[in-house]
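Look at Swiss-Prot and you will find 1-100 tagged as region 'N-terminal domain', backed by experimental evidence. Residues annotated as region 'Linker L1' in Swiss-Prot: 101-153. As annotated by Swiss-Prot, region 'PAZ domain' applies to 154-209, with the evidence given as experimental evidence. The region 'Linker L2' annotation in Swiss-Prot covers 210-292, and the record cites experimental evidence as its basis. Residues annotated as region 'Mid domain' in Swiss-Prot, with experimental evidence given as evidence: 293-424. Look at Swiss-Prot and you will find 425-639 tagged as region 'PIWI domain'. Taken from Swiss-Prot, the feature Mn(2+) 1 binding site applies to ASP446, ASP516. The Mn(2+) 2 binding site feature in Swiss-Prot is assigned to ASP446, ASN624. The annotation active site is assigned in Swiss-Prot to ASP446, GLU482, ASP516, ASN624.
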Amino acid sequence: MYLNLYKIDIPKKIKRLYFYNPDMEPKLFARNLSRVNNFKFQDSNDLVWIEIPDIDFQITPKNVFQYKVEKEEIIKEEEDKKLFVKTLYKYIKKLFLDNDFYFKKGNNFISNSEVFSLDSNENVNAHLTYKIKIHNISNEYYLSILPKFTFLSKEPALESAIKSGYLYNIKSGKSFPYISGLDGILKIDIGNNQIVEVAYPENYLFNFTTRDAEKYGFSKEVHEIYKNKVFEGFKKIPKTLGFLNKITNLNENYQLKDGYKIFINVIYKFKNGESRYAKDVFKYSFYKNEQPLKAIFFFSSKKQFFEVQKSLKELFHNKHSVFYRAAAELGFSKVEFLRDSKTKSSAFLYNPEEFTVKNTEFINQIEDNVMAIVLLDKYIGNIDPLVRNFPDNLILQPILKEKLEDIKPFIIKSYVYKMGNFIPECKPFILKKMEDKEKNLYIGIDLSHDTYARKTNLCIAAVDNTGDILYIGKHKNLELNEKMNLDILEKEYIKAFEKYIEKFNVSPENVFILRDGRFIEDIEIIKNFISYNDTKYTLVEVNKNTNINSYDDLKEWIIKLDENTYIYYPKTFLNQKGVEVKILENNTDYTIEEIIEQIYLLTRVAHSTPYTNYKLPYPLHIANKVALTDYEWKLYIPY
């Protein structure tokens, strides 16, 4: 089996060389040397120095060595691990820049030769890109090399026929918000409300996102490129990146030890049977249901109502339709469309500009668990106003008008499933392997940052072993900080803990704390308050963007890297991507592998539809969604 890991085979030490040029300012001397060597030189009041790997490193120009001083230092890796890794990254960057690659933030290297124009939009070029990361696995260093694609404008910004929100500087590797490009003057936002004119506009290309791809009609081709060409990117590594053989051997693949590839057999328990597949819920029925499915329709105008009337009748009033069959298969006792007692109509109007309803007297009397089927005239980029302004006693289920004409059966079935997800008395399934884990509390923590506004949002979400959401807490617009505010975290943790007690009438025996990213806080403080009442705990770091992957199909497999670090590959419709999990602390009676199994199962304790899986463990998925949006998350998270 292939993994994109290559052992770094160089001495584990760094050389520091010093230079003194009496005829030039150290800052200017360092800047010139950095430019010609594609490697950063540092300076002080009198000296210039460079930290390099202990290998054959060619510094140019040759006459620079007349300024070299005798002082030379060797720093071993065990003396300064951070310096060793940092220097390796700098050297790898130099190798790429020396070989006609662009650098992009995040150790992405964009090929200037492996590039082609898109068939669906000739103004866009697809550049083969390699993302690089250094890993320490069992005290050995490895390089992961992940092929991907970057979509840039074919022409420089001022000449490009299409535009996007961001510009990429091919020299600095940085991206900036695009402001304008009038009269041959390119303006960008460099942050802190500073808008500047660009001195060298020829160095700026538009960088296109997935949203841009939808806007300009090349999203389908992007998907095809990732589906068909990433494999080629892996195969090209030994030849295209041969210059990396200075630090590794690209012809030697990482060897996975016996027993380090793990498969978890996930079994869903439904009312009338068991299956490995969530979609079999339509075969075996909801684990718990027998509720009526109540709904009410909202239209933007009478004109819209008459335009979709035929489609709606076929879908929602035909007792033999997919909608009715799906409701019966999931165990709903009946389907009921609420009608105004005065007008006898189940059709209501809303204001499409403000998203407010027009018959508030009747609407306000409606009890909980009623679906609001809202017909939208067009795609809404920001759906927050709809969620914010609609009555809280309704469960929003919006549908695009244009989708009604040829809505596919599996989408209708997913729609009915989603409705059931939002009814507290319904339970689609339970996982067989999680059935006996009711004494565990699972908590996800996410920090999202707005560097432009210099604000941070903190979110915590807690679920039980069946995926029931016990608590969600969010703190918005905190001062920008990579570290969590531990006072806030402690208060939120106590609330989640109390919600567990409220449901089960007993304290949890084990608490799983899953952090999106690394714990850079003082974990002794965290351990102190989560061990309240002698609760056992585990602290888990989750990296949702691991660089380790393969051209082999690893979906539904777990890879063990070392005793505390694993990668699982969820089965999704999208391209194969792994999630790296590191057990930082284990104070429970579970083994590390048993903890990893539960973390993986948390990706399956709930489904937004029975045809898709979550990439992240459910409490972390919730925290991630809630932290990033103000209201939109309420459309997807049943809380």
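From the backbone N, Cα and C atoms, a Cβ is placed for every residue, glycine too.
Ranking the recorded positions ASP446, GLU482, ASP516 by other CB atoms within 10 A of the CB puts GLU482 at the bottom. Under the three-state DSSP scheme, GLU482 (active site) falls in the coil class. Secondary structure at ASP516 (Mn(2+) 1 binding site), as computed by DSSP, is strand. Geometry remark: ASP446 (Mn(2+) 1 binding site) versus ASN624 (Mn(2+) 2 binding site), CA distance 6 Å. Cα-Cα distance from ASN624 (Mn(2+) 2 binding site) to GLU482 (active site): 15 Å (rounded to the nearest whole number). Other Cβ atoms within 10 Å of the Cβ of ASN624 (Mn(2+) 2 binding site) number 23 in total over all chains.
Secondary structure at ASP446 (Mn(2+) 1 binding site), as computed by DSSP, is strand. Cα of ASP516 (Mn(2+) 1 binding site) to Cα of GLU482 (active site): a span of 12 Å. Per-residue pLDDT, averaged along the region 'Mid domain' (293-424), amounts to 90 for this model.
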